[in-house]
Each structure stands twice: as C-alpha cells, then as structure tokens.
C-alpha cells in the first residue's frame, strides 16, 4: 500500500522541491504559539514577536476571495517548502477562472512516509476583502490574549489554517516521523470544487490512506458532533406577459408562484407526518431560506416569469426524500398547476446530515447548522476500521461572513493546543 501511494505522490511532484527564496530549517521549529505573558507596548509588538500570529497576519493580508486563491496558496506552499515539507500544488479548474489565473490546492507532508492523518481547511474567503487590523480591550489590563484581530478570513478559515500548520509543527518537533498530511483547498465557499478535485484524485486512494481526517472551520473551539445536510433548488413559475392595464390578457407568474413560496417557506415548521420536512433530536428542525426572488421586468407589465432560490438545511433524511416532499408541497399549494414547479437540476448542492466523531476528551461538544467540505471528501473504507472525522476550529460562525469578522489572540492560541490534542490522539491509534 505505501509503495503504491509513494509512487503516486512522486508522479505528482512537479512543484515539490524546496523554494530557493526560503532558507531550509528543521521541521521541528519552535512555534511560540503558547500565550504571551506580561504587559506589552502595542498589539503589533505581540503579533511581530510570534511566528504563529505573524503567519496568521500574513495570510489574512492576502486577498483570496473564491476563484482568486493563487497568491495565498503560493505563500502557504513556500512557507511549508521552507520547512522541508514536500508540497504538491494540485490544479483546480472552474468556469469562473480568469485567463492566466491558476488555482490549486496545497497538499503537503513532512516525510516519505504515507500520510495517515489528514489535516485540512480552506484558503478561499467570501467577498468583500476586509483589511487586517488590530484592536485592544482597554479593560483587560494589558492581557495580550484579548487582542482582537479583524479582517476577512481572520476566522473563516485562515484562523484554522494557521493553527493547523503550527500545531503540526509542534507535533513534528517531538515526533519528526509523524505521518501527517496538510491539505488546504480552494473553493469551499462556492460549492467545494477544491475538495472535490482532491477527493476524486489519486491523492485520495482506495482503501483510504488516512485513518483520521481533521477539518478546520470556526466552531468556537468546540468539537462538532455533526452538521446539517444541504439541499438547493429553484421554484419556477411561467406566465404570459401583458399590459398591466389589461391583466386578464396575461397570466402573472408572480401570482402563480406566491402560494408555492408560502408553502415551501413553512416546510421546516410542519410535522413530517403532515407533509413537512423531517426534524431530529440531534439537529432540531430542518430550516428553509428563500434567499432570492427574480421576477418580471416592470411594474406596468404582467410578469411572464418568476424564479426563487431556496436553501434547505436538512436535520434528517436524504436529499432525494426532501425533493419529493418539496415537489408534493408545490403541487398541493398550486392545485397541480404545471407552470409552477421545483427545479433541482440547476443546483448541485445536496447531501444528508453529517455525523462526526467526538471521542477525544477535553472539548465541549456541539452541532452546527452551516455546511462544510466534510461531505465533499469521499471517505474510502479501510480494513482496520472506520475513518474518524473531526471538525474543530477557532472563532465564531456568527461573524465569519460579516463586516465584523474578528478573532482574539487567545482563541487562536487555544486552537493550536486543540488541534495538537486531536493529532496526538490520532497518533495513538496507529
């Protein structure tokens, strides 16, 4: 198994040699990721004194909105090459990619051993770019851990990326032969094309080379026992245009679609035995969000078309079961009008709730409602037992996509300890 996998890796090493711009250093370099103590003159002084916090600053300062991840990917790849990691830049293509803009996942491992523990997060962010900045809390008597770091990606998910890398360096300092693999993917915020590219490649062999996968997302330092599933679709209505002064000469697509939207909007609150979407003790109710409606051309024209984008967070069941429920709801609400229907082919999203492992002591346990790359990574079975999957990271999802995205130094430092604990637990299962 290992020899075959090593051969696969060797064939992919088009960019695996050390980068000449960085001096070589041992894998086990001290990270100084532990909390600072004492007073400080400025927040910048604290960041500059810590290789870990400086690295986090550097990657947050690089704009990497989805489809524009190239520069931050190169920075991370160079950083890891300079620490003697073998680095593979795995090309990822997409329809939104501009000419000469290369996108790639960063896959890195520290030795010739087959990586058995995969540590992964994403390097893309949502728009718009928000510059890196620092703020201090004057009420905390110069406690460096309370310094607040703001900027796009400071939480989601460059906080996880930085903490994962430095946790891995901490582990490798004590155990240079630890079989770790680092994977930082593009496109998580726009459908997961980066993780799917890795999942479908020879870097994710069957049976799985990995007995443990550690995903990084903002979980407020809790270990996540699972997250809801996802289903995306459109509700479409077709009418006939006419002058608004003579509406009886046309058919309003908006009037036709409203009963369907009203019914679908309530499916998460309707019991399953009465035609609603299922709930579960673990995840609560399935939730429905009608996020966008596009209809008509002008107020004085009877609208000929209407379309609504819908996102469902599934608390139970499968996407196929949910599709059947939605179709029935639309049909019942419109008395079977064939010009109003649910369209699923235009949306690729669809996966059931994702249950995750929480068998490592010392963490709070929670569930989350947001989606991740967890379902985009196909887990191949192993002969020695199931592959464990963990989801953990610093920061709160409640600020992750907002203009107030921020994280404290203390949370970042605690995340390094948390990731290290998860890695060390995985090493004991070898």
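Each residue, glycine too, has its Cβ placed from N, Cα and C.
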Can you tell which of 48, 84 Swiss-Prot marks as N-linked glycosylation site?
84
Including all protein chains displayed, how many Cβ atoms other than that of residue 188 (active site, proton acceptor) lie within 10 Å of its Cβ?
26
If you run the three-state DSSP split on residue 188 (active site, proton acceptor), which class comes out?
helix
If we count other C-beta atoms within 10 Å, could you say which of the glycosylation sites 84, 285 has the fewest?
84
In the structure shown, which of the binding-site residues 156, 189 has the fewest Cβ neighbours within 10 Å?
189
